[in-house]
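S.K.: According to TrEMBL, the feature domain 'Helicase ATP-binding' maps to 281-447. Marked as Zn(2+) 1 binding site by TrEMBL: Cys509, Cys512, Cys549, Cys552. The feature Zn(2+) 2 binding site is assigned by TrEMBL to Cys518, Cys521, Cys536, Cys539. The annotation domain 'Helicase C-terminal' is assigned in TrEMBL to 541-712.
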Amino acid sequence: MSIAKVIVDVPAKQTDRPFDYLIPEHLEEVIQPGMRVIVPFGPRKVQGFVESVEETSSFKSLKKVIEPMDVVPVLNEELLLLGDWLSKTTLCYKISAYQAMLPPALKAKYERKLKLVSENANFMLPDGLEQLFASEPSVLWEEAVKFASIHAIQKLVKEGIAEVHYEVQSKGKKKTTKHIIPLMSAEEMLIYAESLAKQASKQKQVIEFFIHNREPIEQRQLLERLNISSSAVKGLVERQVLAEKNLEIYRDPYEQRQFAKTEPLPLTGEQSTAIAPIHASISNDKHEVFLLYGVTGSGKTEVYLQSIQNVLEKGEEAIVLVPEIALTPQMVNRFKGRFGDQVAVLHSGLSVGEKYDEWRKIQRKEVKVVVGARSAIFAPFENLGIIIIDEEHEMTYKQEENPRYHARDAAIERGKIHNCPVVLGSATPALESFARAQKGVYTLLSLPSRMNNRPLPEVEIVDMREELKEGNRSMFSRVLLEKLKDRMEKQEQTVLFLNKRGHSSFVMCRDCGYVVKCPHCDISLTYHRYSNQMKCHYCGYEDQTPLQCPECNSEHIRYFGTGTQKVEEELTKVIPEAKVIRMDVDTTSRKGSHEKLLKEFQDGNADILLGTQMIAKGLDFPRITLVGVLSADTMLHLPDFRSSEKTFQLLTQVSGRAGRHELAGEVIFQTYTPEHYSIELASQQDYDRFYQSEMMIRRNHSYPPYYYITLITVSHEELMKTVAVTEQITKVVRHKLSPKTVVLGPVASPISRIKNRYRYQCLIKYKQEPNLKEVLKSILDHYQGEISSNGLQISIDVNPYILM
Ligand SMILES: Nc1ncnc2c1ncn2[C@@H]1O[C@H](COP(=O)(O)OP(=O)(O)OP(=O)(O)O)[C@@H](O)[C@H]1O
Ligand SMILES: [Zn+2]
Ligand SMILES: [Zn+2]
């Protein structure tokens, strides 16, 4: 008798433990830990994860496993352990932890198919399958299991004859674009063309094209190739010579590309010193966390590359995490260029199918290195030899929904299991990490100088209040403008950085200061220029921009703040001859556009690259000699104890884009608070002094890294209910935790309402609180009923990064 211990997909307190199921005889050899199965649960059938397979159960009359969903485990033994750790440390249900580790294709409603991938003459397909596959290379799973045992299918998959695929069920999700197809035959077209008037030369051109090309072509491509407008095509469509049709396009973003192979560079002295302890940890199979603290342009990436090479030579695997925003083709090229096909890339720009394909390459051991954003930390490698987190201070490594894990913690946990090093790299390490390195918990490795001892760029701080006093109302200070023009003359390039975070483009009345807010969420609406509408970024609420102030009836109510479009317009006014490339969410939403814009800039087709956070990282172009930060202080005013740290990090990052090669760089920070220490110290790129100052402040206010914090946020549609529950929770926490622990609250959250739900919070600051998780869990349990019945929400964030 074999028993499967299954975590069922019913996220609730009562079901957050394994349930025993009998494995029916025909599945005895099939079912393994880490597979998903379908099991009966009450009156329903649900999905679940097999945690382990055992011989006995303490329960009698067990229900049976209905069928497996996978033919090979989707979670290996180590990932099952990691799931356990995740659920314990982030207080989430185990089922949520397991699901978080899988690619999205394995999460939602996808059609499962069995696909024939190789014809192997020596391998007989089961009879029925042979017939099924004769007409189609891929068949529905439900069909396949009618004709062959799961055991037989499992064998096919193991032999590489067939594969299991997941396809999105709704057709609407597939990416389609408008294609043009010929309706007439080539002869008919010839005749038609002769009947056309002389003036219709464009139409003739199109017909000429289709006489020779009978395949569907994307309309966009057609227009580009013939250099015509869509009206010529439209006319022909109306006459039914051609037709429009939405067809699917397939694109693997990196497939067609050739990667110039790169060889390891001879390391500099500093690099060699830094890499030696990493190599030692690799060859001794010793887990150790390294903080690679290297200024911008100091060659951290080369250290990563050569460490990985060392790991590969040992026959082991590597995970490299890069912030989503820095996962640019340039970044990917550096890894693909060195390790070629051994590299898989996981990032949010890939479609669900593409992500799944990359993930399978890892699972089938076809690749050895994965480069990806946060969730790539769960790559199903079994022989990890190193984990690298670049820009380790980045906030995006923290997941802001359940499970609220930090990739750095998960990396260290995996590093322990695999006895391998974890390398955290940054020019501006998170305060927490640097403090740990100071205490010797992490090993500090430094790269204090830039490559070839190139100096860090000169930074000049411009006080925008002074500019205003002197009558300059423009968003560009005089110095910045002068230097911009200078770069134009020298044919050098400028990066203009606009910090969007915490600086939405809101609509404000200049007479009474009224700001238009979302009626449901209590945050200001963001102005969208093209549609002249205002939109709420939390709930999607949209409204027309008012012509008059609802408060005082003044007509001076208008869009305020600076968006990239606005800057672009201003730029063309003050320097009409400047060629500007704008990179923001709007211009980069199409697949590949990010890359295209960067390439254009790299090729020298523009003088100025204007953008948001998106351009703060990773750019390494030789002709950039000027970086301008339009308003350095916008982020300082967020209600967040890390706002100074974030400001310092961002400013240092951006400055690092200038003068990385032969030409020296200059940086301008425009600000309304030039005296603020994080702006001042960022201008000197003095991380060490920033660290000292910031640590003092953190100590005085009992913030991390001196204290740990946990944030409890309660939300409900009724204000009274929200307050009452938060009050109750605060009381319990105060009562159960040690007197040294500071419990703040209940108070309204900085964003006090989202989607018509009120939000209150309680913040816990503590040094040592061994019972904390238990207390928190008991709180969640206590409210379980109300959470599932009356819409109460309680979110618990251990080590939060967003305090709004
Ligand atoms: N040993 C070396 N010899 C010669 N050139 C090197 C060496 N190591 C790195 N470089 C080059 O120096 C430049 C800067 O290196 P790299 O981009 O790795 O720095 P980084 O520290 O990762 O920078 P950032 O954090 O600013 O992105 C790159 O153009 C890289 O190719
Ligand atoms: Zn007003
Ligand atoms: Zn809203």
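Any Cβ shown, glycine's included, is placed from N, Cα and C.
Automatic prediction, not curation, is the source of TrEMBL annotations.
Just tell me what is around each of these and how deep it sits.
M.R.: In three-state terms derived from DSSP, Cys509 (Zn(2+) 1 binding site) belongs to an extended strand segment. In sequence order, Val515, Cys549, Glu551, Cys552, Ser554, His556, Ile557 constitute the residues six or more apart from Cys509 (Zn(2+) 1 binding site) in its chain with CB-CB distances below 8 Å.
DSSP assigns Cys536 (Zn(2+) 2 binding site) to coil in the three-state reduction, outside any helix or strand.
The average pLDDT computed over the domain 'Helicase C-terminal' (541-712) stands at 85.
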S.K.: Can you tell me the CA-to-CA distance separating Cys536 (Zn(2+) 2 binding site) and Cys512 (Zn(2+) 1 binding site), as a whole number of Å?
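M.R.: So the alpha carbons of Cys536 (Zn(2+) 2 binding site) and Cys512 (Zn(2+) 1 binding site) sit roughly 22 Å from each other.
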S.K.: So around the Zn(2+) 1 site, Cys509, Cys512, Cys549, Cys552 aside, which residues have their CB within 8 A of the centroid of those CB atoms?
M.R.: Arg510, Asp511, Gly513, Tyr514, Pro550, Glu551, Asn553, Ser554, His556, Ile557
S.K.: Between Cys512 (Zn(2+) 1 binding site) and Cys518 (Zn(2+) 2 binding site), how far is it from one CA atom to the other, in Å?
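M.R.: A Cα-Cα distance of 18 Å.
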S.K.: Applying a 10 Å Cβ distance cut-off over all chains shown, what neighbour count does Cys518 (Zn(2+) 2 binding site) have?
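M.R.: If we count other Cβ atoms within 10 Å of Cys518 (Zn(2+) 2 binding site), we arrive at 24.
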S.K.: List the binding-site residues Cys509, Cys512, Cys518, Cys549, Cys552 whose Cβ sits under 6 Å from any atom of ligand 2, in sequence order.
M.R.: Cys509, Cys512, Cys549, Cys552
S.K.: Do any of the binding-site residues Cys509, Cys518, Cys549 touch ligand 1, in the sense that the CB is under 6 Å from one of its atoms?
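M.R.: List returned for ligand 1: none.
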S.K.: What binding-site residues among Cys518, Cys536, Cys549, Cys552 have a C-beta sitting less than 6 Å from any atom of ligand 3?
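M.R.: From Cys518, Cys536, Cys549, Cys552, counting a Cβ under 6 Å from ligand 3 as near, the near ones are Cys518, Cys536.
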